[in-house]
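Chemist: According to Swiss-Prot:
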DISULFID  Cys383-Cys410  disulfide bond
DISULFID  Cys398-Cys412  disulfide bond
DOMAIN    275-428  domain 'GAIN-B'
CARBOHYD  Asn82  N-linked glycosylation site
CARBOHYD  Asn159  N-linked glycosylation site
CARBOHYD  Asn178  N-linked glycosylation site
CARBOHYD  Asn191  N-linked glycosylation site
CARBOHYD  Asn247  N-linked glycosylation site
CARBOHYD  Asn261  N-linked glycosylation site
CARBOHYD  Asn312  N-linked glycosylation site
CARBOHYD  Asn316  N-linked glycosylation site
CARBOHYD  Asn387  N-linked glycosylation site
CARBOHYD  Asn413  N-linked glycosylation site
REGION    383-428  region 'GPS'
SIGNAL    1-26  signal peptide
TOPO_DOM  27-438  topological domain 'Extracellular'
TOPO_DOM  460-468  topological domain 'Cytoplasmic'
TOPO_DOM  490-528  topological domain 'Extracellular'
TOPO_DOM  550-565  topological domain 'Cytoplasmic'
TOPO_DOM  587-623  topological domain 'Extracellular'
TOPO_DOM  645-669  topological domain 'Cytoplasmic'
TOPO_DOM  691-698  topological domain 'Extracellular'
TOPO_DOM  720-797  topological domain 'Cytoplasmic'
TRANSMEM  439-459  transmembrane segment
TRANSMEM  469-489  transmembrane segment
TRANSMEM  529-549  transmembrane segment
TRANSMEM  566-586  transmembrane segment
TRANSMEM  624-644  transmembrane segment
TRANSMEM  670-690  transmembrane segment
TRANSMEM  699-719  transmembrane segment
Amino acid sequence: MASCRAWNLRVLVAVVCGLLTGIILGLGIWRIVIRIQRGKSTSSSSTPTEFCRNGGTWENGRCICTEEWKGLRCTIANFCENSTYMGFTFARIPVGRYGPSLQTCGKDTPNAGNPMAVRLCSLSLYGEIELQKVTIGNCNENLETLEKQVKDVTAPLNNISSEVQILTSDANKLTAENITSATRVVGQIFNTSRNASPEAKKVAIVTVSQLLDASEDAFQRVAATANDDALTTLIEQMETYSLSLGNQSVVEPNIAIQSANFSSENAVGPSNVRFSVQKGASSSLVSSSTFIHTNVDGLNPDAQTELQVLLNMTKNYTKTCGFVVYQNDKLFQSKTFTAKSDFSQKIISSKTDENEQDQSASVDMVFSPKYNQKEFQLYSYACVYWNLSAKDWDTYGCQKDKGTDGFLRCRCNHTTNFAVLMTFKKDYQYPKSLDILSNVGCALSVTGLALTVIFQIVTRKVRKTSVTWVLVNLCISMLIFNLLFVFGIENSNKNLQTSDGDINNIDFDNNDIPRTDTINIPNPMCTAIAALLHYFLLVTFTWNALSAAQLYYLLIRTMKPLPRHFILFISLIGWGVPAIVVAITVGVIYSQNGNNPQWELDYRQEKICWLAIPEPNGVIKSPLLWSFIVPVTIILISNVVMFITISIKVLWKNNQNLTSTKKVSSMKKIVSTLSVAVVFGITWILAYLMLVNDDSIRIVFSYIFCLFNTTQGLQIFILYTVRTKVFQSEASKVLMLLSSIGRRKSLPSVTRPRLRVKMYNFLRSLPTLHERFRLLETSPSTEEITLSESDNAKESI
């Protein structure tokens, strides 16, 4: 009956331990996926997050508001509320935007799914927000049909321009085909030979602004599939249109156009025109953010200047000049430069009506780089212009100019569409060096593992070869991993950081076009260390699993001897399988990203030399998930199952023939259980508990995890080396030798008596009494005698 109760208790303990382990691992995996999907947490700003309201963000010392809000803290409304007019319902519309109606064309119409009408939200002359009249579209027309109509010379361009503007009002729905058709239609409206009305052209400007809200992928497909020069034609037509506004301007959220005319008076000598774009509370362009000044001496940027262009020209040949500012570079699809960051790259165009007799106009520019300084550091830039024939950026005639005011300066000896292609380094927050706890723990582990390996090899003849072999390989892999972790986990690029906004380190003589807007300084050594850490940690877990499998066969299956070639088989698994996993991981990543010079960052992190943390949408492709977390989780689950099985069936199994006390027996069971848990790597389950959201709880589990796992080598040394009789015997000899040497030096003239020690052990029928006696005699020999009540005294060594 008692044995049944004990068995039921052991089964209950096993079930509870298994459930707890499963819950911890399951919650840990779930938290990993959730944290990866949420993305990496951004560094906290010194300004409270509550300062900028209504979705505003704190950047470069001020609040950057969304289109719907403005003001110092983004608390002033900049939108028209929901409205209903002529049976059409409109949602909230930002100022300066056309809002589409919620009513859409029917499924049986050519324009199915598109809004039936649009409505403008604008500012009055007195600064009041007001809604304009509703413009109703034609559901029987779409962009493809309008593209065919605009080719007809007699087509009503006003109606076509209005229809295109309505059809492009919802930029989220625009496809590459829609953009191509709309671009061709707008290009015809701006064509001077079509003599479109000024109203039609102004509406076409609204269409271009709406097109620039479409996705970058859609524009890339346009550039890749368009058979004609639709984008190039539109760019040329916009330049020409900028000369026709007199001294007026047209400003939309994504594009601003301004002209300047010169009188015939004083038409001798040079003339300079300065065009400025000021920083705003949002990323959209507004009419109050652009200025033009004629007959100026030079550039004059201030703290609010985002970009400024100085056009140097000969007045007697020039009567008109025009400027165009694009909010982003989506119309300029480059084959050599790829933008990966999410900040907008403004493009500025300048054009004059110079005739062929004088092409002496030149351009000076200053740009204030607008980017997230918490995430990026300016690395370099290139002064470029858009080559219309090559359909790409070019540097001919452009050069960098040095400045001490924090602006990026360029100079070109011709006029066209200009840009500054900036490259950035990510401002990585490199972690501090390992703390004292990690250093001390790793040092103790390295020492313990080295001593364990030496001891196991030296005393291998008195041990079972298979057990010694598994333990030695486990210790070697852990030893190498700890050494690599201590001396190689930090990225040496940490020492190459420069201060934010420091343009003095830029090479002004180099004006080459970069391949991308973000750059990472390559560090092959860090990549190699990350691969080695990846490999040796997988090797460690593999030998943990092999240790569990070996003990299972020895203790549960009682296979003595082990299968033939067992050592060779487990050696190939322990060292070969992790090598295959690492090789496949690196090979796949390199094959997919080998053309990218920064391919190594798809494998490792930049902050530390370890596997890369995936982007929010890259969980499935993550090397950390498939080549580390998944195999380690499988190993831990199997090791926990074997650990519970061995603990219940072997370590904590009741033995009726025990002769020691219950206290000693329980202590031995606890030590044996800890010994098995250490070589099985059970303490790594604590890593899953570090994924909780509560900072205080996470810190506690982090310290516990660090304490148990950095000292794992020391634990193995204590449990598998210090506790052995061979080590204790050899250690006692060494201590006795050192003690005797010390005594001889301290008391050289004292004659010590010769002692003979006899030890008697009395074992009664109840094993709770254990007594020892010592007798002092003149003989140097020592003997131990064990006595019991039922037997005569027996002498033993």
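Cβ coordinates come from backbone N, Cα and C, glycine included.
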Chemist: Have a look at the glycosylation sites Asn82, Asn159, Asn178, Asn247, Asn312 and say which one has the shortest Cα distance to Asn387 (N-linked glycosylation site).
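Modeler: Among Asn82, Asn159, Asn178, Asn247, Asn312, Asn312.
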Chemist: Using DSSP and three states only, what is Asn82 (N-linked glycosylation site)?
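Modeler: Asn82 (N-linked glycosylation site) sits in coil per DSSP, no helix or strand.
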Chemist: Compute the average pLDDT of the predicted model within the topological domain 'Extracellular' (27-438).
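Modeler: Mean pLDDT for the topological domain 'Extracellular' (27-438): 84.
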Chemist: Whole-number Å distance between the CA of Asn247 (N-linked glycosylation site) and the CA of Cys398 (disulfide bond)?
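Modeler: Distance between the two Cα atoms comes out at 28 Å.
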Chemist: With a Cβ cut-off under 8 Å, give me the same-chain residues at least six positions beyond the ends of the transmembrane segment (469-489) that come close to it.
Modeler: 434, 439, 442-443, 445-446, 449-450, 452-453, 456-457, 529, 532-533, 536-537, 539-540, 543-544, 546-547, 550, 567, 570-571, 574-575, 608-610, 679, 712-713, 716, 720
Chemist: For the region 'GPS' (383-428), what does DSSP give as the number of helix, strand and coil residues?
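Modeler: Split by secondary structure, the region 'GPS' (383-428) comes out as 0 helix, 27 strand, 19 coil.
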Chemist: Given the cut-off of 8 Å on Cβ pairs that are 6 or more apart in sequence, determine whether the transmembrane segment (699-719) and the transmembrane segment (529-549) share at least 3 such pairs.
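Modeler: No, since the transmembrane segment (699-719) and the transmembrane segment (529-549) share fewer than 3 Cβ pairs closer than 8 Å, they do not count as touching.
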Chemist: Ranking 439-459, 529-549, 670-690 by the number of C-beta pairs under 8 Å to the transmembrane segment (624-644), which range is first?
Modeler: 529-549
Chemist: Please give me the recorded positions out of Asn159, Asn178, Asn261, Cys383 that lie within 10 Å of Asn413 (N-linked glycosylation site), comparing Cα atoms only.
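Modeler: Cα within 10 Å of Asn413 (N-linked glycosylation site): none.
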Chemist: Nearest of the recorded positions to Asn261 (N-linked glycosylation site) by CA-CA distance, picking from Asn178, Asn191, Cys383?
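Modeler: For Asn261 (N-linked glycosylation site), the closest Cα among Asn178, Asn191, Cys383 is found at Asn191.
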Chemist: Can you tell me the CA-to-CA distance separating Asn191 (N-linked glycosylation site) and Cys383 (disulfide bond), as a whole number of Å?
Modeler: 30
Chemist: Of the residues in the topological domain 'Extracellular' (587-623), how many are helix, strand and coil by DSSP?
Modeler: 12 helix, 3 strand, 22 coil
Chemist: Roughly how many angstrom lie between the C-alpha atoms of Asn312 (N-linked glycosylation site) and Cys410 (disulfide bond)?
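Modeler: Between the Cα atoms of Asn312 (N-linked glycosylation site) and Cys410 (disulfide bond), the distance comes to 14 Å.
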Chemist: Looking at the recorded positions Asn82, Asn159, Asn178, Cys398, which ones sit with their CA no more than 10 Å from the CA of Cys410 (disulfide bond)?
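Modeler: Cys398, listed in sequence order.
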Chemist: In sequence order, which residues at least six apart in the same chain have a CB under 8 Å from the CB of Cys398 (disulfide bond)?
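Modeler: Expected: Cys383, Val384, Tyr385, Cys410, Arg411, Cys412, Asn413, Phe418, Asn511.
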Chemist: Counting only residues 6+ away from its ends, which parts of the chain sit with a Cβ under 8 Å from the transmembrane segment (439-459)?
Modeler: 468, 471-472, 475-476, 478-479, 482-483, 485-486, 706-707, 710-718, 720-721, 724, 726-727
Chemist: Take the C-alpha atoms of Asn159 (N-linked glycosylation site) and Asn178 (N-linked glycosylation site) and report the distance between them in angstrom, rounded.
Modeler: 18
